[in-house]
Amino acid sequence: AVLDMDIRKCMPCGPRNKGHCFGPNICCGEELGCYFGTSETLRCQEENFLPTPCESGRKPCGNNEGSCAASGICCSNEGCMVDSSCDQEVMFP
């Protein structure tokens, strides 16, 4: 196991590199939303060849198995799901 290593940010991806890779076929960004298996995600496959782990997103979600990728979306390297804890603003009536 690799412990005490600096976890680096995953590669940037998407239009104008405004997103980050969340898995080999997932690219998400606050302003972009998420791309799945598109040309925007091709660069994310390069992560598979890098020796160090990476992390995207800031806030953990999905039972701490993923992190917030875009407004209302939680992603892990397996996929993404809707998660209200990732909403940009939680409105109170």
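Think of each number as a place in line: the chain as shown, counted from 1.
Every residue, even glycine, has its Cβ placed from backbone N, Cα and C.
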Disulfide-linked residue for CYS10, taking Swiss-Prot as the record, within CYS28, CYS34, CYS44, CYS54: CYS54
Candidate cysteine (CYS68, CYS80) that Swiss-Prot pairs with CYS75 in a disulfide: CYS80
Recorded disulfide partner - CYS27, candidates CYS13, CYS61, source Swiss-Prot: CYS13
Under 8 Å by Cβ from CYS28 (disulfide bond), same chain, sequence gap 6 or more: GLY14, GLY19, HIS20, PHE22, CYS34, TYR35, SER56, GLY57, ALA69, ALA70, ILE73, CYS75, CYS80
